[in-house]
Every structure is written in C-alpha cells, then in structure tokens.
Amino acid sequence: MSKTALGKANASVQSARALYLRLLKYAARYWVAFLISIIALVTFSATNTGFLATIKLVTDAGFVNQDSTKLHLLPFMLFGLLAIRALAGFISNFAMRWVARRVVENLRQDTFRRLMSLPVSFFDAVSAGVVTSKLTYDTEQMAGAATKVAMSAVRDTLTILGMVGYMLYLDWQLTLIFAVVAPAMAWYLKSMTPKLRSSGKAVQQTMGEMTKVIEEAVSGQRMVKIFGGGDYEYQRFTKVAGKNRHMQIRLARFSGLNSMVVELLAGVALALVVFYAVGKFSAGEFAAFIGALLMLIGPVKTLTSLNEELQVGLAAAHSVFELIDSIPEVDEGHEEIGRAEGSIVFENVTLQYPSAQRPALLDLNFTVKPGEKIALVGRSGGGKTTLVNLLPRFYEVQQGRVLIDGVDVRNMSLKSLRQQFSLVSQDVILFNDTVFNNIAYGVLRNASEEDVIAAAKAAHAWDFIQQLPNGLQSEIGDRGVRLSGGQRQRLAIARAILKNAPILLLDEATSALDTESERHVQAALDELMQNRTSIVIAHRLSTIENADRIMVMEQGRIIEGGSHEELLALDGHYAKLYRKQFH
C-alpha cells in the first residue's frame, strides 16, 4: 500500500472514531441507564459460561457416573440460569431502548435547532425532502449505531471472551486451533468495512432523494393533476426507489458475505477441533468444548453484521453532524435600537449569488425617509426581491452598507433588526394550524383575541373568518389549503398588521386578490402605511400610483426614480411599462 493510500486509510479510521465518539456522547448523557444496561449485559454473558459448566458437570457426574444427586439438581440449576438470563436480557434491552429514544430525541432537537439558525441561502440550496430525511431516517440510524451496536458489541464481546476463557481452561492447546482462523477473519472484515461505509452512505443519499420526490409530488398535487404529471412523478419515484433498492441490496450482499465467511471459517475451526480432540477429553469436557465453540459462532456472526449497522450509522452521523456543524447566520451585532423611526440608506451596495454570472445588485445608492412609501418595479430578475432580502439580512451585503436609522444592519442583533419589519410575500406562508395561530404567529403568539380580530378586520378578513366552522379556531390545513388564494393573502396581511412594525415589506401583497378584495385590502394597507416606511414590490402598477417614490430596477441597478406623474412625464422605462398594462 502506498503512503498516500495508507494516509487516507488512517484518516478514514480517525474520522470514523471521532464520529462514533461524538455519537456516544449523546448516549453518555444517560449514563445511569446505560450503565445498568451494561451490568445486565455482563450478567447475561456470564450465564453462557455458567450454562456450559453446568452441562460439563452434569454430563460427567450425572450421565457417565450416574450421580443421582446432581441429576436432581440439574433442572433447578438450568432454570435458575435461564431465569437470570431472561431478567438480565429484559433489563439490558429495555434500558438500551430507553437510551436510544432519548438519543433520537436529542439528535432531532439539536438538528432542528441548528436548522432554525441557518441562513436563507442554505434553504435555497437544500431541498426540504433531504432535510426531512436527515431529521427522520438518518437520526434513527444514528441511534442504532450509538445504542444497539454498543449493546450487542458489549454482550457478544463478553460472550466471546467468556467462551474463549472457558475453552482455554479446558485445553489451551486445542483453543489455539480456533485462534488460527481469527487473523483471516479480522483481515476479511477490515477489507469489507470501506465497502459497507460507502454502501451505507449511498443508502442515505437515495433515501434523501426519495423523500424529496415524495415531498414535491405531494405538495404540488394541484399542478401535477392539471398538467397531467402523475405518470412523470411516478417515473421519477420509480427511478429513485430503484436506486434505493439497488443500494440496499448491495449492502445486504456485503452483509451476507460477512456471515457466510464467518460460518466457513468457524466450520474449519470446528473440524480441526473435532479431529484433534477425539480420545483426549472426557464426555463432559468434549461436550462443553464443542458447545463453547458452537456458541462462539453466533456472537461472532452478530459482531460482523454489526459492522454493517455501524457503517450505516456512521454514514448517517456524517450527514447529520454536517448539518449540525453548518455555519449559522452571522449574528455578531450588539446594538439594540428599540422601535426604529424607519429611515433606510443603501450605500454602494453590491451582491452576487455564488452561481450567478453577473451581480444581482450593483452599486446601489438611495435613501428612504421615515414614513416614505417606496415602490419597486421592473422586469423579473431585475433585483427587486434581492434588494428587499438585504434589509432583514436574509442575505449578507458583499460590498457597501445598508443602514436603518443610521445604524449598519450588521451591527444590530438579528432579533432587534427583524423586529422592525413586517413581511407579506408573494408566496404566502401559512401553517397547518388555526386561523388565530396563523395571525398571532411567533412573537405575536401572546396577542389578545381582540387585537387579532382588529387586525383581521383591517385586512378585510373578518367577514370570511366568521363564516368558517369554528371562526378563529378553525383549522386551515397544510399551507392553508382549505382557504382560497385571496383569503390566504388576507390572513398574511392581518399577520403583518398585527405585528405593527415600523417598516413594511410588501412583495406583490395584493396579487392574489380579486378586484373587490384588492380595493378593500389596498385601502387597509394605505391606512396602515401612514407614518410607516413601506417598500412595495409590484407588477400591477395600479397598486402603487400613490407611492411617494417609484424606483425602476433593471439588471441590479436603479435606472429611474420619481413619483408616478414624474416618471410618466419622463416617458422612459416606467412609462413604457405603464402603457403596456393600461393600453
């Protein structure tokens, strides 16, 4: 083996060891239950040796020498050993399963906590299905590696040590015959470990892909049905399910080979022992020795199969710990500004997405006064949404500065900064909960019913809420599926109204409403915007004619700015957009 290959192998071993030690730390939190399980396992393993010693004693003293006293004791001795074995087995299994469920819970909590602290860019790059697979399937595999593998390793290792020790006691020379096959077995298992690890990792990846396809197909059912995508989605799922089956079978093949090789090597050892033992032992010693050798095969096979589960668990651990170790949002600011007056300044701001060929925003400079209503218009991809995303720091400025009330947003804590904003986006986000909990969401959860009703009325949502079966306590389904598009939009606006933040971010806030609803909601928004800074993204220019200033964006730059009348008089890009919509 070359030095490079050897270095990689050593690094892989160290990485696996570090992963497993980190995983065991989760189990170590519950060391009392873990210790109880280990003690029970020691007791369980000791009964195996006790059982063989009893067989030897009874065979020699009972069946050979016809000692009736010991023959009468045999049933009680066997029952006692089996009773102790059964009790120890129950305690060890229950205690380890209890620890396993705690480990799964802690892993999921840590993973979800980190998930909630990651930047928006992470969620833009990773699908919900892959994340879901990490939180569900991968954490279960990790728990198995941390508890079941540890439990079986302790139990079977102790059993092997007990059996080998007893065999050495009976005849150390004969025991060495078994030791001859041990190096071959160890070499084979070591050579299989990388294959098991890579197969386990492939299984994790295909599980993530499968969850992703399911999540997309289920959440997009209306689109799937209207465009006849059922067969296409079925083909996608069949393809990824086939990949998963292939990887699972590959893993099973390696595991089966392990078991077969262990059986063959054990058969060689058994044949050699029988060949050399004939005529050298008493009947009891021979029965005990062969019994010990046979009882070795099971634990050795279990340990080899554990290698599969261990490698799958380590592959899962790498996946989950990679997420847990992801860098959270930068939150190094310490300034707390209370309620902002609402001034906004962009100074030489530039941002380019990692995979983009040109900047999304390029050298932006503008100022918004407190209480001013700014409208952003322009063709899709012009940078309007990116600009808005910089204000609450969904993305970080790469060049330049963004200031709120004269304070760089990077110098504020994220909590203080985001308290200044209410957001209504084009993609309305509602949760599978009640109307009340969707309006009084997050930091608003302690709002009174009177305040929620007032916000609903201001958003022209109260009339339809009253008509729901349970009013504010009505469940609205996944992503608000039981409501119309306009109703969902109005709930989102009610949520923004209830927050009563000094700065409003409205991204196509009325795009899903019919003409009558739009008129009512626009009136409510106009009233809400009084004395508040508002930034509105709109394609429907009729909704922003009364804006204090309209900024036209093109390829990340502001190419025009002014009031509605001023821009029409300029007869530039805005005037062309306006004529397209109204003529």
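Backbone N, Cα and C define each Cβ position, glycine as well.
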_If I go by Swiss-Prot, the feature transmembrane segment sits on one of 11-31, 32-52. Which?_
32-52
*asked:* Using the Cβ center of Gly378, Arg379, Ser380, Gly381, Gly382, Gly383, Lys384, Thr385 as the ATP site position, which other residues in that chain lie within 8 Å, going by their Cβ?
replied: Met553, Glu554
*Have a look at the binding-site residues (Ser380, Thr385) and report the one with the fewest Cβ neighbours inside 10 Å.*
Ser380
_To see if you understand the setup: which same-chain residues, six or more apart in sequence, place their Cβ under 8 Å from that of Lys384 (ATP binding site)?_
Leu376, Val377, Gly378, Ile537, Met553
*asked:* A 10 Å Cβ contact count, applied to the binding-site residues Gly381, Gly382, Gly383: which residue has the minimum?
replied: Gly381
*asked:* Below 8 angstroms Cβ to Cβ, which residues of this chain, lying six or more residues outside the transmembrane segment (32-52), approach it?
replied: 78, 81-82, 84-85, 88-89, 91-92, 95-96, 98-99, 151, 154-155, 158-159, 162-163, 165-166, 288, 291-292, 295
*Can you check which residues sit near Arg379 (ATP binding site), meaning Cβ under 8 Å from its Cβ, same chain, 6 or more apart in sequence, and list them in order?*
Glu554
*asked:* Please compute the mean pLDDT of the model over the domain 'ABC transporter' (344-580).
replied: 86
